[in-house]
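Structure record follows, encoded as structure tokens.
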Amino acid sequence: MNHLPLIIKREYFTKVKNKSFIVMTFLSPLIMIALFAVVAYLSQLNNDKERTISILDETGYLEEVFQNTEFTTYTNLNGLSLNDAIALVKEKEDYGLLYIGKAGSLDDVSGNVKFYSEESPSLSVISGLEQQIEKRLKEKKLELDGVSLAQIEASQTNIEIAQESFDGEKSSKIDNVVKLAFGGAAGYLLFMFIVIYGNMIMRSVIEEKTSRIIEVIISSVKPIQLMMGKIIGTSLAGITQFVIWVILGGVLLVVVSAIFGIDLTQVQTPQQEMVNQAMQADGSQAMAENLIAAISNLPLTNLVIAFLFFFIGGYLLYSSLYAAIGAAVDNETDTQQFMLPILMPLILAVYVGVFTVIEDPHGTVSTVFSFIPFTSPVVMLMRIPFGVPLWQQGLSLLLLIGTFIFAVWFAAKIYRVGILMYGKKPTYKELFKWLKY
Amino acid sequence: MNDLLVANSVSKNFGNFKALNQVSIAVPKGSIFGLLGPNGAGKTTLIRIINQITMPDEGAVLLDGQPLKPEHVRDIGYLPEERGLYKSMKVGEQCLYLAQLKGLTKTEAKARLKYWFDKLEIGDWWNKKIQELSKGQAQKIQFIVTVLHQPKLLIFDEPFSGFDPINANLIKDEILQLRDEGATVIFSTHRMESVEELCDHIALIHKSNKVLDGKLNDIKRQFKTNTFEVGLESLNREKVFAEIQDKFEVLPATFKNLNDDIKLNIKLGEHASPNDLLSFLTSKAEVHHFVEVIPSASDIFIQTVKNN
């Protein structure tokens, strides 16, 4: 008799109808968006407040260096004495006064630059100013050596190394960033999913034990059916929650930005502006084009299919272990000692993914960890955007499936015995013995 | 084929611990079969094997002459000792779910639930959550769920725990009625008075071995010691007492009586008949009380467990 659909249905609806689940599902995106809106609103407040920085340049080297921007106005106080300038700035309640003291030569300027302000200025403002001064001084010095401004400008070359694999696949730096983002997001999503919904499965097994209904149930169905039903039902509930989060989050984002008139994609803080100015960004237009090109460069079909398989495989592998833990103990506080061996490889996988895959996606460490079943789902998902040979993906998946089957067998054994055991917390030795019952 | 359930030399080990050692039982159709034994004797293990929750290491269990198959869960209704329900699930939903797990369709289950809910007058519980019910109320639900799919074999492990005397009686009558309608019942309990009241067969398991089984009356006959409880009235108590003691094995007895009698348990030899004893006694004193001592289920239980 196949009761699996019935069990899945019950597990699913019990989860979905649970009050705290509903609250979590609808409140989480609201809270997230509210937070986002508050941050955006606050930064907009900041934007509205224009900053005035007064300049007192006694050297004359830095004329026309500081150009007014949307949020920052520079006032020139040349001619005033330092004390008068400070008094004036204080009275006007300006952001601060940049003072460049008299210097005999260009080389002496560096020791004579000061910034006076009421409160200590933000780091980005200072470093923005520093970069602008440095750039001008460099130009001046070169000019002194007989290099004209035009020559300097002409000497500036922007190098971007075009990357191409032996197969003729082109990529670029931004490609790599996009790949990392995709891989990282996929790996991290899997990690979060396992931790959140694995725990949910574990709790639901413990609940059946503590409410003593388990013996009634398994006199009707096989324990493995119950376990699989639980895992699948809870996963479906999890997917439902995730989908609602994504949809609700998207809708709310649009609504909120419409209401508050905040263009969330264009939120730019004065800090960013400063930095951009200093960096002389070569136009965001080209950047966006590169980005789109990079995304379309990704092996999307491979990515989607691999994501599905590794996600499902990895999730089922871990959740069956969570179910086994739930069966082995009587209450949640006893789960700690068994959680560690599960979380360790998972966390290891994320670390390997974040640190090693970025450095060298096809290096020995990354490759090895993308084969070990307990880390492979996360690490492989992070590697795939960089292009992993199909045979490697296949082999890794095969290993994963093999381990998954073994884990389900193992978990089912523990589960079958554990759900009927009450009283003391079992040791690892006892768990091992259960395998032979 | 008169036995609904037969267990043939069933053994089960948990690691080095032998939970059941070559246990065989036969449960006749339409009987109430008492499965007795001290705590930890192996009763629950045997019951779980019958329910296919655990598999025996050796031996086989036959239901209606066939080795147990997964389909047989429909034919068995099991009320475990460790029982409970999903606390936050509604009564109706939960009953429907459990009934469907036993193979009933939703409509069938609904119709039968309505019948039982009306019978036990609990129709208004349908939309309550289990956690809103008292323990006894939850037990009633549990009972209904156990019998709902009209199984051939009903297994009750301590069915009366948690019930007040009125509800315990109600459930007892339901069990008897189910038996009369053709169900076979395996009944495991430590309450010997309900064994006395309900069971026609018993089996006693002690330290993983079956030490006793058969019809309750046969076993009682087997255990009776040809002892008679007598109450005598006489003016010369010491003399009468001495004369009886000369001829028979005598023990003091206690029972309630109106008169200040000599109260004795007199054990007859194997060949002596009660009539001989009675005529001897009437010649010596006035007989007010003369009853054969029949061992109670409790006596049999204690004696068997102690001797093993």
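Any Cβ shown, glycine's included, is placed from N, Cα and C.
If you check TrEMBL, you get these features:
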- A:19-412: domain 'ABC-2 type transporter transmembrane' (DOMAIN)
- A:21-42: transmembrane segment (TRANSMEM)
- A:180-201: transmembrane segment (TRANSMEM)
- A:242-262: transmembrane segment (TRANSMEM)
- A:300-318: transmembrane segment (TRANSMEM)
- A:338-358: transmembrane segment (TRANSMEM)
- A:365-384: transmembrane segment (TRANSMEM)
- A:390-412: transmembrane segment (TRANSMEM)
*Do the transmembrane segment (A:390-412) and the transmembrane segment (A:300-318) come close, with at least three CB pairs under 8 A (pairs 6 or more apart in sequence)?*
yes
*For the transmembrane segment (A:300-318), could you work out the same-chain residues 6 or more beyond its ends whose Cβ comes under 8 Å from its Cβ atoms?*
182, 186, 189-190, 193-194, 197-198, 231, 235, 342, 346, 373-374, 376-378, 380-381, 384-385, 390, 393, 396-397, 400-401, 403-404, 407-408
*Can you tell me which of A:21-42, A:180-201, A:365-384 gets the most C-beta pairs within less than 8 Å of the transmembrane segment (A:242-262)?*
A:21-42
*Intrachain neighbours beyond the transmembrane segment (A:365-384), with Cβ under 8 angstroms and 6 or more residues off its ends*: 180, 183-184, 186-187, 190-191, 299, 302-303, 306-307, 310-311, 313-315, 317, 345-346, 348-350, 352-353, 356-357, 392-393, 395-396, 399-400, 402-404
